[in-house]
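So the structure is just underneath, and the comments pick up after that.
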Amino acid sequence: PCRSVLTVACEQTEVLLFDPISSKHIKTLSEAHEDCVNNIRFLDNRLFATCSDDTTIALWDLRKLNTKVCTLHGHTSWVKNIEYDTNTRLLVTSGFDGNVIIWDTNRCTEDGCPHKKFFHTRFLMRMRLTPDCSKMLISTSSGYLLILHDLDLNKSLEVGSYPILRARRTTSSSDITSSGSSGPRAVGSPCHQNDSGPLSEKHMSRSSQREGGSPRNSLEVLTPEVPGERDRGNCITSLQLHPKGWATLLRCSSNTDDQEWTCVYEFQEGAPVRPVSPRCSLRLTHCIEEANVGRGYIKELCFSPDGRMISSPHGFGIRLLGFDARCSELVDCLPKEASPLKEIRSLYSHNDVVLTTKFSPTHCQIASGCLSGRVSLYQPKF
């Protein structure tokens with residue numbers, strides 16, 4: 001959070017630390033994990049968490065990097081995402097075992113942290129919390145997007161009693177209507193697996209009803225519209241949230257890996273039209289086709305700190321995208337129908353496929369990392 005350290009998760013077992021201003025290498029955690037490191041999340045100015053394909057999460061202290069604070073065991077497959085609820089100080093992780101697990105970092109010991117399984121769904125790809133931690137979004141390799149509304153991490157979703165909600169396809173028009181289809185299914189690629197639906201009845205639970213209000217952790221199941229994919233399945237490989245919570249940003253690939261899209265979906269707040277029908281909370285507003293270089297690899301994109309720009313991996317470089325050519329706020333250029341994102345600038349300095357990119361939260365700086373391990377830092381010239 002103090003923005004003084006750039007951390008890099010590596011395909012092998014390493015975590016690299018850099019000074020993002022001077023570009024100096026600070027330290028290498030050469031055996032941070034026993035397998036690929038997938039994600040890093042800072043909890044405060046000194047404590048950060050890493051997750052790995054070795055099925056564990058590790059906690060680290062910047063002041064003492066020679067040893068881990070502790071190692072967390074609970075997942076049974078590759079751990080891909082880490083989120084942190086600043087309200088409850090709970091760590092939230094997700095993995096390819098389909099589990100979302102909650103960790104109480106307030107009661108960590110050398111042996112680990114108390115934890116519980118919060119949610120389960122098949123073919124889970126990515127999980128994110130909105131900036132105010134009021135919603136949890138989960139994407140799947142079969143093209144589903146799950147939204148848990150009015151999030152309460154203290155209430156585990158017990159198995160067996162949650163009603164099945166009919167999947168709905170988001171639309172690009174302002175007139176949102178429900179769809180009877182359960183949406184496309186993804187097949188083919190290593191990250192695309194057949195799925196008869198995002199959840200089976202035995203994997204769902206009913207959250208308690210509040211007096212005069214909607215239930216906590218109410219579930220919405222969507223199949224987001226992707227241009228050119230009306231008749232084919234897609235895999236939602238990257239999932240990000242607008243810093244002000246206005247929209248979600250998805251990177252989608254077709255089930256045959258021959259197309260990639262970056263799509264922006266505006267949150268449509270409000271209750272469903274009919275209480276018996278699931279709401280449709282997202283509307284496609286902007287999209288752009290990607291280069292589709294490096295098939296099968298996941299490319300992580302991001303919003304700028306003010307939410308006006310998107311940095312997206314594009315071949316051997318990155319593209320800076322805006323909602324219009326002037327980099328206006330999303331709320332000032334919402335179209336009635338989905339519109340193309342505008343390319344503001346392209347930056348190329350890599351000799352391999354770029355897999356990840358990140359804006360500095362405090363400085364005019366962008367970082368990108370490619371498959372061969374090179375990290376590039378970009379700053380504008382004034």
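Keep in mind that glycine also has a Cβ here, set from the backbone N, Cα and C atoms.
Bear in mind that TrEMBL entries carry predicted annotations, made automatically and left uncurated.
The compositional bias 'Low complexity' annotation in TrEMBL covers 170-182.
What TrEMBL records for 206-217 is compositional bias 'Polar residues'.
For 170-229, the entry in TrEMBL reads region 'Disordered'.
Only residues 6 or more beyond the boundaries of the repeat 'WD' (30-63), in the same chain, are considered here, and those with a CB under 8 A from a CB of the stretch are 1-2, 5, 7-15, 69-73, 75-84, 89, 91, 93, 95, 97, 103, 105, 108. Marked as repeat 'WD' by TrEMBL: 30-63 (among others).
Among the features that TrEMBL reports, repeat 'WD' is placed at 72-104 (among others). Within its own chain, the repeat 'WD' (72-104) is flanked in space by residues 35-36, 38-43, 49-53, 55-59, 112-129, 133, 136, 138, 153-154, 156, which lie at least six positions past its ends and keep a Cβ under 8 Å from the stretch.
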Query raised in the report: Given the model, what does the mean pLDDT over the repeat 'WD' (30-63) come out as?
Result: 95
